[in-house]
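What Swiss-Prot says about this one:
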- 107, 172, 187, 188, 205: alpha-D-glucose 1-phosphate binding site (BINDING)
């Protein structure tokens with residue numbers, strides 16, 4: 001247990017971000033990039049939220065473990081997160097899987113992804129490790145979680161939030177006592193246990209953990225020597241500590257950064273095309289629950305140099321117009337109408353098109369007289385003149401990746417296969 005350290009505890013912590021997952025439920029969006037590198041919110045990547053939370057919380061030592069198709073992610077981190085200065089006792093390390101302790105090319109699990117880099121962590125000598133998943137959308141002050149960890153004398157503190165039971169099978173689910181000490185922890189149960197006072201809800205792990213570094217090292221070395229372990233935090237490390245030590249739950253409501261005092265806490269997994277589309281479209285609300293305009297808690301990212309967005313033509317039937325939409329730098333909207341749409345960097349929309357509730361990634365070009373509704377369009381796609389999506393479900397399903405909720409994911413290979 002920690003003694004003799006005064007707050008803020010973040011200055012004694014290192015954030016370790018697990019960013020190696022593919023995110024296969026995002027389908028073709030992760031064919032060329034890891035899930036943490038997927039674009040979000042007009043100009044950011046998903047990983048920028050965990051990294052920005054760490055930076056805004058006061059953490060100045062950060063490491064990112066990468067694995068699946070890491071080139072896009074590494075390039076983004078090198079360009080957008082290169083401002084840490086060793087002379088100010090700051091560091092930012094990118095840690096690809098690299099056979100550091102064995103002949104295995106890949107990390108064997110989330111715990112192994114930390115274990116293989118113990119020597120790098122040890123060289124910085126942090127008092128605490130804040131272990132983060134790099135693939136969630138939320139704003140959170142990790143200093144408050146660190147404070148609870150120290151105050152309650154925990155071996156591990158687990159970030160958690162309430163989710164509907166029917167959705168809890170994809171999470172670690174816990175049961176806690178009146179002091180939020182974790183009594184049981186089950187990773188991704190087929191039948192998630194309910195909260196005692198809320199039969200339709202479960203208390204789920206956010207994949208955020210706080211450890212004292214020395215204790216974490218001991219646990220990782222013990223786990224690495226266990227041939228029966230899958231070397232995973234949720235499956236192995238956390239249940240072992242619950243049984244043999246003191247594990248405490250930190251409720252997200254205590255540390256979330258809200259868009260305004262009355263707003264609900266906002267955390268999204270964005271692990272499916274439907275969830276990804278919905279979380280982006282959330283940002284088009286007049287007062288969204290996730291505030292990207294908060295100067296006190298900014299989302300840092302790579303600031304690509306682009307010209308301003310431009311809207312041209314102002315004639316009846318040919319007017320460049322965007323309503324309840326986010327339009328990034330370098331975009332040109334030429335005589336077309338957008339509603340509840342996100343345009344990422346460098347998108348070009350030609351005349352007479354109508355676009356509604358669309359998430360359009362960088363450098364897409366939309367031809368003339370297109371009608372696009374409820375779509376996600378991958379980076380660099382060229383949409384041909386006259387394409388209609390969102391009107392005929394059967395035709396959409398034949399041509400594109402159409403989800404249960406009717407969202408169409410469009411990639412360039414899908415466009416190339418069209419018989420137009």
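A Cβ is built for glycine as well, from the same backbone N, Cα and C atoms used for every other residue.
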CB neighbours within 10 A of residue 205 (alpha-D-glucose 1-phosphate binding site), counting all protein chains shown, number 26
Within 10 angstroms of the C-beta of residue 187 (alpha-D-glucose 1-phosphate binding site), what count of other C-beta atoms is obtained when all protein chains are considered? 16
Long-range Cβ list for residue 188 (alpha-D-glucose 1-phosphate binding site), cut-off under 8 Å, min separation 6+ in sequence, same chain only, gives 169, 170, 171, 172, 234
A correct count of other C-beta atoms within 10 Å of the C-beta of residue 107 (alpha-D-glucose 1-phosphate binding site) gives 24
